[in-house]
Amino acid sequence: MAALPAPTPVTEWPDYAVDPNGGDVMTTDLNALYDKGDLCWMLVSTALCWQITPAIGFLYAGMHRRKAALTMIFQSLFCACAVGIQFWVYGYSLYQSHTTGPFIGDLSKAGLHNTLGYPSLANSDIPDILYACFGFTFVTATAMILAGAMLERGRLWPSMLFLLCWTTFVYYVLAYAEWNPSGWLYNLGVYDFAGSGPVHIASGFSALAWAVMLGPRVDPHKESHHPKFPHFKPHNPFLVGLGTIFIWFGWFAFNGASTANLTIRSVYIVCNTNLAACGGGIVWVLLEYSFTRKFSIIGFCSGIISGLVGITPACGFVPIQTAALVGGLTSCASFFTVKYKYLLRVDEGLDIFAIHGVGGFVGDILTGFFAAPYVPAMDGVSNTYEGGWWAKNWKQMGYQLAAATTCAAWSFVISIILLFVINKIPGCHIRATEDDELKGLDYKYFSDAEGDVMMMTGFGAVTPGLTPSGAVSGSDSHHDVPVATEKRD
């Protein structure tokens with residue numbers, strides 16, 4: 001058999017309708033027109049972004065009571081796996097199809113068919129398959145942000161079904177509208193650099209809807225730390241801090257690589273991201289101390305994440321001198337939403353609505369206010385943006401309000417509908433029984449928790465014979481430790 005000649009380097013891309021893959025890899029070198037630095041940056045950033053999903057699992061697990069912490073770790077792995085399979089089967093096609101209308105994509109890229117070397121819609125500097133790899137991490141992280149709303153009383157199987165339905169009818173619809181060049185919000189001129197609408201506003205307002213549909217947690221022994229709504233002490237602030245560290249680290253790639261190449265603008269975005277996190281954390285701590293005269297790891301982490309949420313739509317548009325201010329203002333809005341959330345009478349105990357929903361909404365508005373034309377131009381190409389109010393582009397604030405309101409309303413209403421329908425399916429009622437809730441979801445679903453001998457308390461499993469110090473009663477301990485009578489988580 002005669003040997004085939006070496007592939008010929010591609011010199012220009014064929015028309016997409018002729019060859020959506022960009023060429024035949026047996027005869028054409030599809031790498032020739034791509035910069036290896038861009039490819040490396042995007043691939044490494046994809047790996048860093050992926051760890052945000054399990055990091056959110058750590059964060060949420062630490063904020064739960066012990067009896068339901070494993071459920072959040074499980075959900076993070078579920079989102080990474082099942083939502084990832086869904087993304088491959090049809091998700092990527094729904095929001096990155098080339099042949100589509102203004103509202104939703106088609107199935108021309110289902111199973112990542114025709115997704116290879118042709119330039120991506122996000123940026124012609126990287127191939128379609130690489131942007132698909134990067135986009136996978138966005139949807140899994142978004143689903144995991146929302147997953148925390150099942151907080152200690154949502155049944156696991158219906159919750160997983162809801163997450164898959166939610167990504168289909170909420171996430172991909174909004175992602176198409178804002179990120180596909182054919183999307184109606186994209187063409188309106190909305191600034192949302194790395195996903196405030198499809199990611200944070202959508203998950204935050206959907207979490208509120210989920211909490212409304214589930215109802216408040218039961219508290220038969222009146223052990224709540226707040227008199228007006230269920231509020232229980234997180235069982236492990238260390239896990240919360242660890243999860244926040246990983247989230248902060250991954251967010252550099254989450255935002256920085258949303259340029260879909262490597263330029264000065266990418267570096268600028270990473271700087272903006274870091275400064276906003278710093279500003280958010282400091283503002284939350286100062287506000288908390290002014291009210292309580294104490295610091296809190298949970299509060300500090302909430303402020304950092306609020307700052308990251310606020311800068312997400314803005315990082316590629318606003319000047320660096322405003323980044324910490326964006327993070328601080330977003331953190332301030334989220335802090336007071338948390339402080340007065342009892343007025344809503346909704347048990348949304350992980351503050352997903354306050355941090356991601358309200359924080360994302362505020363971030364969108366601040367983007368319209370502070371955006372400057374010269375920041376996008378740092379990539380060497382995007383010099384057509386008009387900026388926001390600071391640049392006297394008055395209409396931009398209207399676009400930002402329209403986009404934020406649309407994302408909030410769509411996600412809330414569609415989530416209510418999906419949860420209502422799922423709850424009516426036989427065997428899919430969304431709320432756990434009172435016994436399972438009091439015992440703990442971990443002991444309902446996971447064999448990992450079955451080794452503990454349990455006693456029922458309002459706050460989960462306690463091993464009989466253990467004193468508050470951890471010593472076993474009747475042992476050779478030299479100390480008699482009195483049993484605390486105050487509320488115990």
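Even glycines carry a Cβ here, placed using N, Cα and C.
Per TrEMBL, the feature transmembrane segment maps to 41-61, 68-89, 129-149, 156-177, 197-215, 236-254, 266-287, 294-312, 318-338, 350-377, 397-422. Taken from TrEMBL, the feature domain 'Ammonium transporter AmtB-like' applies to 41-445. Annotation source TrEMBL lists region 'Disordered' at 470-489. Annotation comment: TrEMBL describes 476-489 as compositional bias 'Basic and acidic residues'.
Residues 39, 42-43, 45-46, 49-50, 52-53, 56-57, 60, 63, 72, 75-76, 78-80, 83-84, 87-88, 91-92, 95-96, 112, 115-117, 120-123, 159, 163, 166-167, 171-172, 175, 195, 198-200, 202-204, 206-208, 210-211, 214, 254, 257, 260, 348, 350, 352, 356 of the same chain lie 6+ residues outside the transmembrane segment (129-149) yet bring a C-beta within less than 8 angstroms of a C-beta in it.
By the Cβ criterion (under 8 Å, sequence separation of 6 or more), the transmembrane segment (156-177) is not in contact with the transmembrane segment (41-61), since fewer than 3 such pairs are found. Mean pLDDT for the domain 'Ammonium transporter AmtB-like' (41-445) in this predicted model: 95. Beyond its flanks by at least six residues, the transmembrane segment (41-61) meets 69-70, 72-73, 75-77, 79-80, 126, 130-131, 133-134, 136-138, 140-141, 144-145, 147-148, 236, 239-240, 242-247, 249-254, 256-257, 260-262, 266, 301, 350 of its own chain at Cβ-Cβ distances under 8 Å.
Sequence-distant contacts of the transmembrane segment (236-254) (same chain, at least 6 residues past either end, Cβ-Cβ under 8 Å): 44-46, 48-52, 54-63, 66, 69, 137-138, 141, 194, 270, 273-274, 277, 297-298, 301, 304-305, 308, 312. With a threshold of 8 Å between CB atoms, the same-chain residues lying at least 6 positions outside the transmembrane segment (266-287) that come near it are 41, 193, 248, 251-252, 255-259, 295, 299-308, 310-311, 314-316, 318, 320, 323-332, 334-335, 375, 378-379. Count of Cβ pairs under 8 Å against the transmembrane segment (318-338): among 68-89, 294-312, 397-422, the largest is for 294-312. Residues 59, 63, 193-196, 199-200, 234, 237-238, 240-241, 243-244, 247-248, 251, 254-255, 272-273, 275-285, 288, 318, 323, 326-331, 333-335, 338, 351, 355-356, 359-360, 362-363, 366 of the same chain lie 6 or more positions beyond the ends of the transmembrane segment (294-312) yet place their CB under 8 Å from a CB of it.
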